[in-house]
Amino acid sequence: MSTPATTTQAFSLKTRQPIADEDALLTEEDRILKQATKGEDCTTRRRACKNCVCGRAELERKLEAEGKLPPEGITMPPGGCGNCAKGDAFRCANCPFLGQPAFDSTEDGKVKLNLTDDI
């Protein structure tokens, strides 16, 4: 048995393949669905969204149970991720509280120090 004289390439790095247009692949129904699923950000609302994933809903339920939730709701820290109170390990890159210790989320970034004597 002899091998064929010519070989074919399965791919080539030299020729550039045309890239498919993503918008051409979507139907009108897909575009409407995509616009409808864009949710609002919890940071712009007074209360947590119905389908909250940032942890604000759990925090509000906990504060409501303790009776600490003000009637206007809680204000999220300016970072927007909702993890500013947890500490540097959980904060986003543009968090204004980077480098500060963890704090209670109801205190708006104020850290309580115990300045009493230990003696």
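Positions of Cβ are set from backbone N, Cα and C atoms, glycine also.
The structure displayed is predicted, hence computed values, not measured ones.
Feature motif 'Cx2C motif 1', per Swiss-Prot, maps to range 81-84 of the set 33-36, 73-76, 81-84, 97-100. When other Cβ atoms within 10 Å of the Cβ of CYS54 ([2Fe-2S] cluster binding site) are tallied across all protein chains shown, the result is 17.
Of the candidate binding-site residues, CYS49, CYS52, CYS54, the one lying closest to CYS84 ([4Fe-4S] cluster binding site) when CA atoms are compared is CYS54.
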